[in-house]
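Step one of this worksheet: look at the structure below.
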Amino acid sequence: MPTLGVNIDHVATVRQARRTVEPDPIAAAVLAELAGAEGITAHLREDRRHIQDRDVRLLRQTVRTRLNLEMAATDEMVAIALDIRPDYVTLVPERREEVTTEGGLNVVGQRDRLALVVDQLQSAGIPVSLFIDAEPDQIAASAAIQAQWIELHTGRYAEAETEAAQAQELAALRQGCEQAIAAGLRVNAGHGLTYWNVYPVAQLPGMEELNIGHTIISRAVLVGLERAVREMKLAMQGKL
């Protein structure tokens, strides 16, 4: 079974709604780890809409599992990553007008730039994952620029409106896993996963980690964060 990385961005979203000091995403990360999360994910966006620089620095000091820093492939973010030294970095696309990340990186179209960033980070001992759609050309390009990981974008699977459409998207994810592993890549997945749709993705052969945030934080509002994390662990095992 894959491990669970808990994305704490939306704890920071609530805090930033009032520009105050609570709830603190650092405290949320501690509680998530105590409840069984094997990793903590935070996305430091260029517009700083939720996670702040202060959060990333404190997370690096406090996270005892693995810290996954999601970021755009910009010079500013590379400098921050080289300074903070997360356990690994996930490169994601960003548009200021988007509500959340809308799709995977276009590795094919940005190959030279992404190859440079991957080399900068991995030469410094920071493994890099690329957040991509489960498309053969994007997977091949990710392997070609020597990223260690990919994170398959599960948004289309999560948003499928019929069982047939969901089955089709799950098959694409399965094929993506197989292709990536054959190319020497390690595979994570995330985006839009919930307690009700996570189990089939968790069962994909070779899947190593699922990064999940919004549904856990939404559940935590009602039942508390520790219970919400424990329930997600059960859901990943098909036991919820």
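Glycine residues also receive a Cβ, built from the backbone N, Cα and C atoms like all the rest.
Taken from Swiss-Prot as is:
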- His43: active site, proton acceptor (ACT_SITE)
- Glu70: active site, proton acceptor (ACT_SITE)
- His191: active site, proton donor (ACT_SITE)
- Asn7, Arg18, Gly192, Gly213, His214: 3-amino-2-oxopropyl phosphate binding site (BINDING)
- Asp9, His10, Arg45, His50, Thr100: 1-deoxy-D-xylulose 5-phosphate binding site (BINDING)
- Glu151: site 'Transition state stabilizer' (SITE)
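Features as recorded by Swiss-Prot, highlighted on the structure.
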{"residue": "Asn7", "record": "3-amino-2-oxopropyl phosphate binding site", "DSSP (3 states)": "strand"}
{"residue": "His43", "record": "active site, proton acceptor", "DSSP (3 states)": "strand"}
{"residue": "His50", "record": "1-deoxy-D-xylulose 5-phosphate binding site", "DSSP (3 states)": "coil"}
{"residue": "Glu70", "record": "active site, proton acceptor", "DSSP (3 states)": "strand"}
{"residue": "Glu151", "record": "site 'Transition state stabilizer'", "DSSP (3 states)": "strand"}
{"residue": "His191", "record": "active site, proton donor", "DSSP (3 states)": "coil"}
{"residue": "His214", "record": "3-amino-2-oxopropyl phosphate binding site", "DSSP (3 states)": "helix"}
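Binding residues for 3-amino-2-oxopropyl phosphate (Asn7, Arg18, Gly192, Gly213, His214) extend across at most 25 Å, taking the greatest CA-CA distance. It is 13 Å from the Cα atom of Gly192 (3-amino-2-oxopropyl phosphate binding site) to that of Glu151 (site 'Transition state stabilizer'). Cβ-based neighbour count (10 Å, all protein chains) for Arg18 (3-amino-2-oxopropyl phosphate binding site) stands at 8. Just so you know, of the binding-site residues Gly192, Gly213, the Cβ with the fewest other Cβ atoms around it within 10 Å is the one at Gly192. It is 14 Å from the Cα atom of His43 (active site, proton acceptor) to that of Glu151 (site 'Transition state stabilizer'). Note on proximity: among Asp9, Arg45, His50, Glu151, the recorded positions of the record, the Cα nearest Arg18 (3-amino-2-oxopropyl phosphate binding site) is that of His50.
With respect to their backbone Cα atoms, His10 (1-deoxy-D-xylulose 5-phosphate binding site) and His214 (3-amino-2-oxopropyl phosphate binding site) stand 7 Å from each other. Close to Asn7 (3-amino-2-oxopropyl phosphate binding site) in the fold, though at least 6 residues off in sequence, lie Thr41, Ala42, His43, Gly190, Asn211, Ile212, Gly213, His214, Ile216, each with a CB less than 8 Å from its CB.
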